[in-house]
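**Student:** Let me give you the structure first, and then I'll get to my questions.
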Amino acid sequence: MPSDNAPTPLPDVPIRIKRLPNSGGLPLPAYATDGAAGMDIVAAESLTLRPGARAAVATGIALAIPAGWEVQVRPRSGLALKNGITCLNTPGTIDSDYRGEVKVILANLSDEYFEVKRGERIAQLVPAQVQRALLIEVEELDDTKRGSGGFGSTGR
Ligand SMILES: O=c1ccn([C@H]2C[C@H](O)[C@@H](COP(=O)(O)OP(=O)(O)OP(=O)(O)O)O2)c(=O)[nH]1
Ligand SMILES: [Mg+2]
């Protein structure tokens, strides 16, 4: 049971989507369950990924994401765990001004060939609000306890 003080979910962000000529018969990205964070997106082509290979896989869709937002392309854990298939550039970034076909850059980290079948769900899309930075160039930065320590400097 949700508690009485459950936070209000953010409203759905509207994103215009266009089917491209190669999308015939394919479903649009969709949430698999009511609580799914990502919309599963399917491959619009079939291909074979040899061990260690990567490919930009067509999805048959293009988006117009509202300004101030992006869409992240993330791997599916089942493909990762069972087949060693991930998105090489995860999370992939779809810019709000990109109007080309959304592609999923799959990599086969396993030692077996992997068949991507057209219509198979290969990744998931998550919209995210983007905060842009204003860079302020300075001569000196303030001191901190960490300083330039990093990359395991605090121990395991
Ligand atoms: O997984 C991805 C990542 C990117 N893109 C598209 C949409 C994105 O807006 C564009 C550019 O992506 P990114 O900025 O990550 O790549 P880049 O190498 O910096 O290319 P560019 O110089 O075009 O920005 O490529 C995809 O379709 N799928
Ligand atoms: Mg870029």
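Any Cβ shown, glycine's included, is placed from N, Cα and C.
TrEMBL: automatically predicted annotations, no manual curation.
These figures come from a predicted structure and were not determined experimentally.
Copied straight from TrEMBL:
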BINDING   Arg76, Ser77, Gly78, Asn89, Thr93, Ile94, Asp95  substrate binding site
DOMAIN    27-155  domain 'dUTPase-like'
**Student:** What kind of secondary structure is Ile94 (substrate binding site) part of, going by DSSP in three states?
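**Tutor:** Ile94 (substrate binding site) sits in a strand per DSSP.
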**Student:** Checking the binding-site residues Arg76, Ser77, Gly78, Thr93: which ones have Cβ within under 6 Å of ligand 1?
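**Tutor:** Cβ under 6 Å from ligand 1: Thr93.
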**Student:** Under a three-state reduction of DSSP output, how is Ser77 (substrate binding site) classified: helix, strand, or coil?
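**Tutor:** Looking at the DSSP assignment, Ser77 (substrate binding site) belongs to a helix.
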**Student:** Determine the Cβ neighbour count for Thr93 (substrate binding site): the number of other Cβ atoms within 10 Å of its Cβ.
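**Tutor:** There are 12 of them.
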**Student:** Here are some binding-site residues: Ser77, Asn89. Which one has the most Cβ atoms within 10 Å of its Cβ?
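**Tutor:** Result for the most crowded candidate: Asn89.
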**Student:** Determine the Cβ neighbour count for Gly78 (substrate binding site): the number of other Cβ atoms within 10 Å of its Cβ.
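**Tutor:** Neighbour count, Cβ to Cβ under the 10 Å cut-off: 10.
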**Student:** Hey, what's the Cβ neighbour count for Ile94 (substrate binding site) at 10 Å?
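**Tutor:** Result for Ile94 (substrate binding site): 21 other Cβ atoms within 10 Å.
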**Student:** Looking at substrate and its recorded binding residues Arg76, Ser77, Gly78, Asn89, Thr93, Ile94, Asp95, figure out the farthest C-alpha pair and report it in angstrom, whole number.
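**Tutor:** Across Arg76, Ser77, Gly78, Asn89, Thr93, Ile94, Asp95, the widest Cα separation comes out at 26 Å.
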**Student:** What average pLDDT is reported by the model for the domain 'dUTPase-like' (27-155)?
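**Tutor:** The answer is 98, the mean pLDDT of the model over that range.
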**Student:** Around the C-beta of Arg76 (substrate binding site), how many further C-beta atoms are within 10 angstroms, looking at every protein chain?
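**Tutor:** Excluding its own Cβ, Arg76 (substrate binding site) sees 21 Cβ atoms within 10 Å.
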**Student:** In sequence order, which residues at least six apart in the same chain have a CB under 8 Å from the CB of Asp95 (substrate binding site)?
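**Tutor:** The list for Asp95 (substrate binding site) reads Ile65, Glu70, given in order along the sequence.
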